[in-house]
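First the structure, in the form of structure tokens, and then the observations on it.
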């Protein structure tokens, strides 16, 4: 094993991210408490229900601990779907929803519709090429700060963005067999 990556395991599809990391030869550590962050250089925040993830992270003290590590530059983050919502500075229409706020972006929850309107679409990811995106009640990035780079779009809408060591995706790369986006994050994190 080359390294260990944390996967926030409070709610959502954290098991799928663990499997994606395993296929790359990376050990995944479930993170549920602040002490679970010790020694980690990278953390994946999975899809699921963004309000629940935010409330539980706040209740368990993870919100402040993760924010501090990201601001210090000692922790890289990858948020997918609900995880991307939690990373954003602003959640449109939900000003009171708990959020980490480390990604200078405003996101719109469920921007493509409800669960029954979920879909799959081929995307062009900068530096990676074609990538199959699975969109389930997916958010979209409506406003991006100057330091945020768009890596993929669906039409005109940004669906994969990066700011420093923070990567955020509207779609679910863990639900495909394609390891490239997880590998990209590992390289970004130096794992």
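Glycine is no exception: its Cβ is also placed from the backbone N, Cα and C atoms.
The L-glutamine binding site feature in Swiss-Prot is assigned to 48, 49, 50, 109, 136, 137; the stated evidence is sequence analysis. The annotation active site, nucleophile is assigned in Swiss-Prot to 81. Residues or ranges marked as active site, charge relay system by Swiss-Prot: 172, 174.
Taking the mean position of the Cβ atoms of 48, 49, 50, 109, 136, 137 as the L-glutamine site, the remaining residues of that chain whose Cβ falls within 8 Å of it are 12, 47, 81, 82, 85, 110, 139. Considering only the active-site residues 81, 172, 174, the residues lying within 10 A of residue 49 (L-glutamine binding site) on a C-alpha to C-alpha basis are 81. In the shown protein chains, 23 other C-beta atoms lie within 10 A of the C-beta of residue 172 (active site, charge relay system). A simple Cβ count within 10 Å picks out one of the recorded positions 49, 174 as the most packed, and that one is 174. Between the farthest pair of Cα atoms in the L-glutamine binding residues (48, 49, 50, 109, 136, 137), the distance is 13 Å. Here residue 48 (L-glutamine binding site) is compared against the active-site residues 81, 172, 174, and the shortest C-alpha distance is to 81. Reduced to three states, the DSSP call for residue 172 (active site, charge relay system) is coil. Looking at residue 81 (active site, nucleophile) and residue 137 (L-glutamine binding site), their Cα atoms lie 8 Å from each other.
Every protein chain shown contributes to the tally, and the Cβ of residue 50 (L-glutamine binding site) ends up with 30 other Cβ atoms within 10 Å. Cβ neighbour count within 10 Å across all protein chains ranks 81 highest among the recorded positions 81, 136. Between the CA atoms of residue 172 (active site, charge relay system) and residue 136 (L-glutamine binding site) there is a gap of 8 Å, rounded to the nearest whole number. Take the CB of residue 48 (L-glutamine binding site) and look out to 10 A: across all protein chains shown you find 20 other CB atoms. Residue 137 (L-glutamine binding site) sits 15 Å from residue 174 (active site, charge relay system), counting Cα to Cα.
In the three-state DSSP scheme, residue 48 (L-glutamine binding site) is classed as coil.
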